[in-house]
Amino acid sequence: MNAMNETKKRPLLWGRLSAFVLSVAVIGFLTDQATKLWLLYSFDLGTYGPVQLLPVLDFVLVWNRGISYGLFQQYTDLGRILLIAITLAATVFLWVWGARAQSRLVALALGLVIGGALGNGLDRIYHGAVVDFVHFHVGTFSWYVFNLADVWIVAGVVGLLYDSFTESPNSAAKSG
């Protein structure tokens, strides 16, 4: 069988590892949303201000109207809608990639990115901004404030990078 026939047989929307991608995405999404809901409504983080958990770790409420690292802040409805649309388009692209995934690592990584993206996307829809709350700092060094969805996205990207650097040339030729 040649590469052309093999490519044609690959599914577009549901593949061999799609259930795994979906499971990881749902778990990532739900854990992200559960932590945010608990911190906002049960713990009521907004009324406490920064809460020190460890000398280098605080919970602090930040409403992020931008993307990673607070870049491209959007204060208008048009900007918010644009970020939501980009999130949805990226999710569709990642889902199709996941449907075609051949390795569990790639499927896991894509599920993490999808779950994180949808968690932050729902924040934008519901709150108008992403709920960030984890703040690492050491001395005068202060890392940006992030949430569990951001952790899932970064872990997923690291997984995809790891896979791309460790994939054997033979398996790359077969999958292309």
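Backbone N, Cα and C atoms are what each Cβ position is placed from, and that goes for glycine too.
TrEMBL entries are annotated by machine, without manual review.
Database features, via TrEMBL:
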TRANSMEM  12-31  transmembrane segment
TRANSMEM  78-98  transmembrane segment
TRANSMEM  105-122  transmembrane segment
ACT_SITE  Asp132  active site
TRANSMEM  142-162  transmembrane segment
ACT_SITE  Asp150  active site
Best-contacting stretch, by C-beta pairs under 8 Å, relative to the transmembrane segment (105-122) and drawn from 12-31, 78-98, 142-162: 142-162
Long-range neighbours of the transmembrane segment (12-31), counting only residues six or more past its ends (CB under 8 A): 95-96, 98-102, 104, 106-108, 110-112, 114-116, 118-119, 122, 148-149, 152
Cβ atoms near Asp150 (active site) (within 10 Å, other residues, all chains): 21
Folded-back contacts onto the transmembrane segment (142-162), same chain, C-beta under 8 angstroms, at least six residues removed: 28-29, 31-32, 35-36, 60, 62, 64, 68-70, 105-106, 108-113, 115-117, 119-120, 123, 130-136
